[in-house]
Every structure is written in C-alpha cells, then in structure tokens.
C-alpha cells in the first residue's frame, strides 16, 4: 500500500525503531528493496535522489512504485531524496510521490526556512509529507555518492545544534528533520564518530521524527544505538550498491547479463534485510 510517511515515522518514533529509506535508480534496485520489505514484512521508504532523476525520471518511478505498492500488504512510501531544486520537488509532488525532502542545508538559515515553508505549504495541499535538513551531512552527490568520505564527526561546525533544530522545525512545519551528528555520504575512511549526546539532546527537544543520512558504512552498532536514541528513518544507498557490485563482480565470468541482474538484485535484498534487523523495524508489527 502506498502511503505518506507521517503515520509510519510517528509510529517508529513512538515505538523506538527506524524505517530504512533505500535509494534506488532502476528496476532491479527497486525490486531488490521491495523484496526485502516483503520478506521482512516491514514498511519501506523508497527514495529517489534528485541526482538520479535523469536515470529514472520522476513519472516513471512513480508509476512503477504505485504498481508494486498496490500489490503489497506492507506500507510503502515513495520519497524524493535530497531535492535541491524547489521546482523539481513540486514536480515530484505532482507526479505522485508521497513524501519529499527539500535539502536547503547549503543555504543561509533564513533562506532555508523560507523555501522549506513554501514547499511544506505546497505539499500539504496534496497530503504529501516533507523532510528537511538542518546542519549538513558530509559531502557527496545527494546521498548517492560512492566517493571516499571522512566522517563529518570531526568537524562540529557542520553538526546540528539543538537550538537551530528546534527553531527550524517550529518555523517550517516539516514532518521530519534530518540531523547531522557525525555521519557522511559515501564510503568511510576510518571509523565514524557519532555524537550521541547531541542526538539525545535534539531528541528531547524535537517532537517530530528525526532522520539520519549517510547510514552506509556507519556500522551496525552505531546505527542500532542511534535508532535506540531517537532516529526514526535511516537512509541507505552505498552499502546496497556495493553489495550489488560485489555480487556482480564475483559472477561476471560465469553468468550472462540476465543472470547477473538477478544476482545483483538478490544481493540488494539480502543487504537491506540486515538493516531491517539493525533498525529493529519488526517492532512495526506490534
């Protein structure tokens, strides 16, 4: 069933688990993550980053997800990830996306608030939920970079402050808020250092669900702790693509393209199933 993220993430917040937001860019990656949701009998947020909208156009993605979701018992959200361009964010709403993220984290604070409010007002008319970001999560192409990354935890100037988060949530009326506590997009060099005390303070002062970007490579223990301390949605991309790539490379000499697609798709499914365990998403069935 295709839904927006409001009830899904509020329930995750109340019961202390997280829902994975899996970034996709083609039919194989889409079917791979949907199969994981079916096998785990758990909700799923399917994310399409703005940077992938040329590869998988918004209308095509919306049609595909609507078709699959209508034939599933699990709740499915179709989410625009890291929408930097306001007109494209609104286009996603018009195309049938049930959730959108406007990423104004690189803008001056007042400008971020102004544009985010504009997006919220537009989306609400269509029963579409809105996520925004305060602070800044590492560098990388919209959560979809395979570039080597350093943990942003060393640079507190990019981390979310409690005061800014509370003020931003109040001023914009967003449904969920992505916070920066030390993760970064892409592949890590070294071990990421997450600021759990900062997360606890933000959670205590923010009523809406909190989102963690840059989940790949952060470590299962770190992610499980972050979820237990109040993260309700975690974005995953690089680990899923690495799993597909590794499976492909292992069999490339033994299989044709058709078989390689199936093997890669299965690898995505199995990797996402691991994250369902880490995020304790089975609590959604309670």
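The backbone N, Cα and C atoms fix where each Cβ goes, and this holds for glycine too.
Keep in mind the model is a prediction, meaning the values are calculated, not measured.
These features come from TrEMBL:
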- 81: active site, proton donor (ACT_SITE)
- 82, 185, 213: Zn(2+) 1 binding site (BINDING)
- 103, 133: Zn(2+) 2 binding site (BINDING)
- 186, 214, 215, 216, 235, 236, 237, 238: dihydroxyacetone phosphate binding site (BINDING)
Which of 216, 235, 238, the listed binding-site residues, has fewest other Cβ atoms within 10 Å: 238
Rounded to the nearest Å - Cα separation of residue 237 (dihydroxyacetone phosphate binding site) and residue 82 (Zn(2+) 1 binding site): 13
Cα-to-Cα gap, residue 214 (dihydroxyacetone phosphate binding site) vs the residue listed as 'active site, proton donor', nearest whole Å: 12
C-beta crowding around residue 82 (Zn(2+) 1 binding site), within 10 angstroms: 27
Coarse DSSP state, helix versus strand versus coil, of residue 238 (dihydroxyacetone phosphate binding site): helix
